[in-house]
């Protein structure tokens, strides 16, 4: 195995609503995430006076970021993916003037990263938006939100033009099909036509952000971000193959629009077959032509699909509701572990788009135990990440242009799906439990030293292959 390229970016990925805390500090407004105390897979509910949402404090990154950045630098990070809390900059979402205290926080954060030699990769909207835009406008169902997002994007592009050169528009933009409130600010029971119209507005907003970035920051690069939910046919029946193709198109459609600049023909048919009419203006079509510079995505699992709906209805284990693959093992949360699938996905996306790729989320959520001596022996995490990185290396050998790899949750954080601390991803243990109890003390896990060695050797310390099929 060859070393990873010298230009390859190594690091980790976080999200503001899962690490920052300080949910109303320094003028921050209420975000949609603040109304999801049980996570993406829970229900939206009003704030209950005196009842704390675990994300209100999260891991207190807002106040402890210097300590955390120092730990990331100790591992050798060259890149850290973070998100800006939109409601920290525009508390209601529709203000003309931004909240200076919110802007100043990210100035301090980016300065700290620069001193540590870590490049920021910044997501504009990661599973949240100002709740004011939902309450007063109806979320992304309202075309007016496009303008408010563009104003926000232009504001942060201008403010951080000398500090940030890598941007992403919307985190896992295709998740709106599975979690409409999280993705586009719509009620979970919203109809399919309403969801796709809101998605259209978000795609236009993404393209406008790309256009603004290219205009204001000609040296910067801006990408999209997809949930990489690769689907296999359950059997070799042609009907299952066709069903898998259609399921993969459901999420790749977002990338097709963002990378190719127009709606693909298969979606036109989908809309016709489902009696969906997308209200699209001529200016929308022109805006969509502003395509992303690179494709970024998350990768956690694969699954199977069948043409037999009775089999599909019994799918379990995650928000994507894919049928378990009998040849794969699963995590404690039912997420199937498929390192080879990452190589397949990388090649699939490269063949489809011929644009640089960036793996901006990948990791293993697991329950960690603190030993009597205070150590955390997370060999299972090391095995998971080792085998996925081996496949990334194989994809590079295949000729795929890969910019970098940021593992999800380099430090334990509040999980998105169920707002749990017990579902841990990090190389760094944070002393906090699901009830919000704990000192928030940071402790290096065994995987901390392992990842540092991987980065130092540019992958030459990786070993083939430790996870085997049952």
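Every residue gets a Cβ built from N, Cα and C, even glycine.
What Swiss-Prot annotates here:
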- 172: active site, proton donor (ACT_SITE)
- 361: active site, nucleophile (ACT_SITE)
Distance from residue 361 (active site, nucleophile) back to the residue listed as 'active site, proton donor', taken between C-alpha atoms, in Å: 10
Around the Cβ of residue 172 (active site, proton donor), the count of other Cβ atoms that are within 10 Å: 27
Note: in the chain of the residue listed as 'active site, nucleophile', residues six or more apart in sequence with C-beta under 8 angstroms of its C-beta are 13, 297, 298, 299, 300, 406, 407, 408
